[in-house]
Amino acid sequence: FLSKGKPVSSWLISKSSDILLYKSSFSNGSDSKKLRVEDSMDSPPSRVIHIRKLPNEVSETEVIALGLPFGKVTNILMLKGKNQAFLELGTEEAAVTMVNYYTAVTPQVRNVPVFIQYSNHKELKTDSALNQRAQAVLQAVSAVQEGGSPSSAAGESVLTPAPSPVLRIIIDNMFYPVTLDVLQQIFSKFGTVMKIITFTKNNQFQALLQFSDPVNAQQAKLSLDGQNIYNSCCTLRIDFSKLVNLNVKYNNDKSRDYTRPELPAGDGQPPVDPSVAATLSKDSTSLLGTPSGMVTSYSSGGGFPSSLGAISPLSAAAAAAAAAGRVALSGHSGPGGVLLVSNLNEEMVTPQSLFTLFGVYGDVQRVKILYNKKDSALIQMSDGNQAQLAMSHLNGQKMYGKIIRVTLSKHQTVQLPREGLDDQGLTKDFTSSPLHRFKKPGSKNFQNIFPPSATLHLSNIPENVTEEDLRLLFSNSGGTVKAFKFFQDRKMALLQMSTAEEAIQALIDLHNYDMGRGHRLRVSFSKSTI
């Protein structure tokens, strides 16, 4: 984007006393460029993000798409000669969410891994006259974000006005199951998802998804089309439907109307409304034909491989949802299965408490609290997928009053202390623990993996235990029970604490609690509210 023959005085990115300077001067036909970048992975959070190792000829739209799911993108500086870019988000919170997510999941542009970190600079100031194309694309995307008409000056055909709030989604290379819940979590980052219909046509999983506003559909298509849900597979192919409204008759795992929660579940094979089916047959945006009048059964089956992969550039919540997307987690050890957990409360934390909390997201094999740094611990999961899942859910959560940081460790295993060496109980081997939640293939636990929340799901409750008993038990864990609800058979219940932190504490204290008569209370996080 720099024209030869036009000397460039400076690109300025200012942060109080800090200045990042990009100079380009031309003399005797030679091109000399100098870039001084003071960014580091240790930089404090900033709403300016430094992106490196971008592929050649990357477009501004592709770079903006990396930040779009996390919030408003307010500025961009492309350093194409250096394969770098700076992206400024609207808030520091959005930038923190972006960096935390891409710490867990390697971002890719055109299937090339790129590196993302905080910039040392708190604000991005660019010379708009010299950065015209980038600014035009940014303005067009901003217009879409704010509900206006995108500018055509960007020359980006993907930014034409959205014709419909309904998207047709086709999943290519679907080696793992993709559920309605996974789609809802992924697409809801871009706006309110009102309705979803899923179906299989010609042995290919497809969906129709309706947003509340065409602008939201435009944003989702811009960011997600062509992205993989899992590593190298389950590719999203997204186009606009000519439908402007979906008519959903049943709320179940095949179709959902989020505006009408009172709809019946049907018989598990809900038909698409005939008027929808008729309209679908006229939808020229169809890539592989249209569904028949009956939605084809789609079973996720069991025993799928465990290689959950990167979702890019989706939100952290979507990553977690997709990772929890009803795919069996392997019980075999694999690379990258060790986590480093720091900023722990060293007065309170134990290997057992870490085993219980991280065991919600996978089978913990070993835990080692570091001898010389007792606010940090290594946790070995069964494989890298479980480690990624635990990290995406627990990084930034509060445990024993401190916000913990969870990252992937370079270690492949956690070493046990040498025989006869007393390490003060800081290392524990849980390989043979009977408390692993995911040992049994096809277990319902695979379908109930959710982020920490104030609401807990209780199961294996003895029939003689009352609501008052459970309220008292959970109050004694140091929190306040706000609400309680038994399921119809009274063997399960929902219990709501005041905060997610209180719920985390209660789960650590009371999962596997002996209720008598051979009943061990099982506690997990719930996506429901009471």
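Using N, Cα and C of the backbone, Cβ positions are placed for all residues, glycine too.
Predicted automatically and left uncurated, TrEMBL annotations should be read as such.
Note that the structure is a prediction, hence the values are computed from the model and not measured.
The range from 255-276, 409-430 that TrEMBL describes as region 'Disordered' is residues 255-276. Among the recorded stretches 167-243, 337-411, 454-528, the one sharing the largest number of Cβ pairs closer than 8 Å with the domain 'RRM' (47-131) is 337-411. Look at the domain 'RRM' (454-528): DSSP puts its residues at 20 helix, 25 strand, 30 coil.
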